[in-house]
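K.L.:
Before we start, here is the structure in question, set down as structure tokens.
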Amino acid sequence: MSSSHLYPPPEAAVKGAYVSGIEAYNKLCAEAEADYEGFWARHARDTVTWKKPFTKVLNESGAPFFKWFEDGTLNVSYNCLDRNVERGLGDKTAIIFEADDGKVTKVSYKQLLAQTSQLANALKARGIKKGDRVVIYMSMSVEGVVAMQACARIGATHSVVFGGFSAQSLRDRIEDAGAVAVITADEQLRGGKQLPLKAIVDEALALGGCDSIKNVIVYKRTGGNIAWTAGRDEWLHDVVAGQSTTCEPEWVEAEHPLFLLYTSGSTGKPKGVQHSTGGYLLHAALTTKWTFDLRPDDVFWCTADIGWVTGHTYIAYGPLALGGTEIVFEGVPTYPDAGRFWKMIQDHKVSIFYTAPTAIRSLIKAAEANAAVHPKSYDLKSLRILGSVGEPINPAAWEWYHQHVGGGRCPIVDTFWQTETGGHMITPLPGATTLVPGSCTLPFPGIMAAVVDETGKEVPWGQGGILVVKRPWPSMIRTIWGDPERFKKSYYPEDFKGKYYLAGDGAIRDEKTGYFTITGRIDDVLNVSGHRMGTMEIESALVAHTELVAEAAVVGRPDDTTGEAICAFVVLKRPRPTGDEAKRIAKELRDWVGKEIGPIAKPKDIRFGDNLPKTRSGKIMRRLLRSVAKGETITQDTSTLENPAILDQLSQSN
Ligand code: WT7
């Protein structure tokens, strides 16, 4: 919930801001309200360089499959790279890369363009062309960004898979996307440890179903020992050697899929969220400009991984589209110590810093235990804007971030959005919005967010409800790759008469200000450390252990550091274990889930029962399990429960 402290934008933040003062914000919203298409068309012309200008703005005839700027053509890589070089920014630093071990490399726009063009040429030389899917399974690196830009340059649709996902997860994504190539690294370095990437690609491809893959391109990061499949595997440095540093961009239609990004839903396997080229780029650039107020002298740092949407929009595309200078960081916030973020802000004079509440919360703990890693031990004067993303930020963490990191002078933009939305949806603008800790405040200009009841009717301010977006917007998800029916069912379900985009979150608006506070997911999706996980996905992983597991139910429970924690209730195919045996089996199941999905999906709690709480008709009562997971005394009516005694068993932790 939000607090009642108000933080009006400081004068220094208002002055010179792209959106300066609340009147300027209101004016933009009024413009969008009065002429929705005109508003977006104007910004699409001002923000994006088109090869062939569009004449159509929004096409709603195939709703909910909307089209934006459909007769325009463009290239994202041209917009992010060539255009900046043409504007005289060729020697400007595009990326400051800091490696896990602290080594710093700077890459100019000219160099980034040359590297991208070389890889684009190499991909083309391997027959990869417009519309092909390329999976990128990479560490945080300049090469990772180059791989994405190179795909964009030739019109190949990339699908980045987070380096923490398992071979099984990677395989599923490769198969679903029908990818023709994988770009990876030998290993990744995180927190002083060498972790495998190529070996996991090998394992994924060996699992079968990936016959579409013809090429595996490997960036040599550590030089660690890896296996090699001749004819399929090639080193990145070999494939780009001798390639021209120029490459004519492939001019694609605005609706051409720039990327797929798999994310968790409430049911079944992860869904490939498909994004467009024109509308996506517009929103990536415009939100970077207005939400972060990114100006020519800024040093921007988004700490996300390129494996998540935040790393797509606010590392690979948005800041580059504006000709900004940004940090790409390979490591982790706690290595060599928990002062790493603060030291990097100091060293690189970072002015805009964008991170997740879970990172802030864990760094608060560390700073309270050790003054040497407290932000006060560093010079953070360069900072002017702070950002938060991925989950609600609790007011206490907000206040700490504001005071100790931002020195009380930096606005915090608490940006609410999703993989599906492409960019910020509800967020303060730093030079315009009065902040309230714990509230993401007001919609980005042109985003028609609202809170409604089950019938789709808007509820009064002060009353909680379901978060929706009333009109399509340029960077919205276009479809779920290969499953348009699931797209409709997930986001435009029938009971909403197909009218509004359903975000999957609950929200409440402040009675006086109309400010939005997100109250959390209303479906079976969990948010663990800002990572999105489907409960069903984890349940399927557990029951896939057919030797041990008869039945499993997964719920979330609140956790001080990770926001939510995963709690699994398991019925085994053998008598309910206790003591050391329970501990041993719990560990085995955790490791199993780690292998099936990835370490981020390992349940924190595993509870064993002879059965699960079910209604007489056999339905698992998740509501009860949520209470048990929280450690609450059960006050709910359990009279419909077939087996009430089971709750005591399930309350015992291992
Ligand atoms: C879900 C989307 C946004 C990019 C990273 C996560 C939650 C996200 C906030 C916020 C409260 C937030 C929502 C949303 N969420 N940002 N500022 N305040 N909740 O993208 O993995 O697609 O997850 O994250 O529940 O639906 P994602």
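A Cβ is built for glycine as well, from the same backbone N, Cα and C atoms used for every other residue.
Annotated CoA binding site per TrEMBL: R190, G191, G192, K193, T310, S529, in sequence order. Annotated ATP binding site per TrEMBL: G390, E391, P392, D414, T415, F416, W417, Q418, T419, D505, R521, R532, in sequence order. Annotation source TrEMBL lists Mg(2+) binding site at V543, H545, V549. The feature domain 'Acetyl-coenzyme A synthetase N-terminal' is assigned by TrEMBL to 25-80. For 83-473, the entry in TrEMBL reads domain 'AMP-dependent synthetase/ligase'. What TrEMBL lists as domain 'AMP-binding enzyme C-terminal' is 537-619. Marked as N6-acetyllysine by TrEMBL: K619.
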K.L.:
Identify which of the following binding-site residues, namely T310, G390, W417, R521, S529, place a Cβ less than 6 Å away from any atom of ligand 1, and list them by sequence position.
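P.N.:
What lies within reach of ligand 1, judged by Cβ under 6 Å, is T310, G390, W417, R521.
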K.L.:
Between 0 and 100, where does the mean pLDDT of the domain 'AMP-binding enzyme C-terminal' (537-619) sit?
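P.N.:
It averages 94.
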K.L.:
Would you kindly give the Cα-Cα distance separating V543 (Mg(2+) binding site) and G191 (CoA binding site), rounded to the nearest Å?
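P.N.:
Here the two Cα atoms are 33 Å apart.
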K.L.:
Which whole-number value in Å describes the distance between the Cα atoms of S529 (CoA binding site) and P392 (ATP binding site)?
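P.N.:
Given the Cα positions, S529 (CoA binding site) is 11 Å from P392 (ATP binding site).
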K.L.:
Of all the binding-site residues given, namely T310, R521, H545, V549, which is spatially nearest to K619 (N6-acetyllysine) at the Cα level?
P.N.:
V549
K.L.:
Measure the Cβ-based neighbour count of G191 (CoA binding site), defined as the other Cβ atoms within 10 Å of its Cβ.
P.N.:
13
K.L.:
Using Cβ-Cβ distances, find the residues under 8 Å from G390 (ATP binding site) that belong to the same chain and are at least 6 apart in sequence, listing them in sequence order.
P.N.:
T310, A356, P357, T358, N527, G530
K.L.:
In Å, rounded, how far does the Cα of V549 (Mg(2+) binding site) sit from the Cα of R521 (ATP binding site)?
P.N.:
28
K.L.:
Within its own chain, what residues at least 6 apart in sequence put their Cβ under 8 Å from the Cβ of R190 (CoA binding site), listed in sequence order?
P.N.:
D100, S139, E330, G331, V332, Y335
K.L.:
Can you grab the distance from V543 (Mg(2+) binding site) over to K193 (CoA binding site)? Cα atoms, rounded to a whole Å.
P.N.:
32
